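Marked as Mg(2+) binding site by TrEMBL: 53, 92, 124. The annotation 3-methyl-2-oxobutanoate binding site is assigned in TrEMBL to 53, 54, 92, 122. Look at TrEMBL and you will find 191 tagged as active site, proton acceptor.
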Ligand code: KIV
C-alpha cells in the first residue's frame, strides 16, 4: 500500500473517503451490530462499519429488514460506536422513520447521531426521498444513499433478484445517483445490480460508490459480517465470498463444551478455586 493509503490514518472521515476515491484506493466496509464484533472489525482496519438494518435479519431473526425500530438501531449503533476507534460508523435509518415525512426523517437522524455517537446515516431510495435527504443534510448530518436492491422495499419488488436489468430502471438509478450527489450525499451503496451499470454510476458521480453484488468497478465493497464469516449458512448469493466457516467452528466448540459438562470433564481441578 502507498504512503498515502488510509492504513496509517487514526480516524476515517468523509473527507478521507473522498480522497480514497480520488486516488483510486478501494474502500472496505462491513456491517457490525455489537461491541465485540465491531472491536475486531475495527482492529482489522476496516474503513467503514455499517450498523445495517440487516440486524433485523441476522441479530433478531426477522425475515425482512422492515420490523427493526429506531430505538433498536440506536441500541446497536451505540454498542458499535463504543468499540470503534478508527472506522467511520454509518447507521441505517430504519423503515418507517424517514420516508414521506422530512420532519420525522430529520428527527430520526438527529436521534441516531445524538444517542449513538455515530458519524453518518444511510437511507434507501432516490428522488422519492429527496426532501428527507436534503432536510437531514441541512442539519449537518452526513448521508449515504442506497440504490438498486433496497431491502426496505422488498414487498414492492416481490423478489430479491438483481435490479435495474431493464433500461428504464437502469436510467432511473443513474439519475437517482446523480441526484443524491447533487443533494450532498457523501457516498452511495449500490446493491445487486449489473456490474456494467455500477461501473457507469461510479464513473458518473464524483462521490464514493460502494457495491454489494455490483461487481468490481466501483470504489469499494460491503458485505454483511455474518455472511462473510459463514455464520449465516443458508444465505449464499453469487456475490458473497465466504472467508470463514464459523458455523462449523462454533458448532464444534458448543458440542465439545456440552460433552465435557455431561462427562464431568469440565471444570477440572485447574479450572476450579
Ligand atoms: O443493512 C445492511 O446490511 C445493508 C448492506 C447490505 C449494504 O444495507
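Glycine is treated like the rest: Cβ placed from N, Cα and C.
Source: prediction; values computed, not measured.
A Cα-Cα distance of 10 Å separates residue 53 (Mg(2+) binding site) from residue 122 (3-methyl-2-oxobutanoate binding site). Between the CA atoms of the residue listed as 'active site, proton acceptor' and residue 124 (Mg(2+) binding site) there is a gap of 10 Å. Those same-chain residues not listed among 53, 54, 92, 122 yet with C-beta within 8 angstroms of the centroid of the 3-methyl-2-oxobutanoate site C-beta atoms are 31, 50, 51, 52, 55, 65, 73, 91, 93, 94, 146. Around residue 92 (Mg(2+) binding site), the C-beta neighbours below 8 angstroms that are at least 6 residues distant in the chain are 50, 51, 52, 53, 65, 73, 121, 122. Of all the Cβ atoms in the protein chains shown, 20 others lie within 10 Å of the Cβ of residue 54 (3-methyl-2-oxobutanoate binding site). Taking a C-beta cut-off of under 8 angstroms and a sequence separation of 6 or more, residue 124 (Mg(2+) binding site) has the following same-chain neighbours: 146, 147, 150, 151, 152, 153. Residue 191 (active site, proton acceptor) falls within a strand segment according to DSSP.
Counting Cβ atoms from all protein chains shown, residue 122 (3-methyl-2-oxobutanoate binding site) has 21 others lying within 10 Å of its own Cβ. Cβ neighbour density within 10 Å is lowest for 191 among the recorded positions 53, 191.
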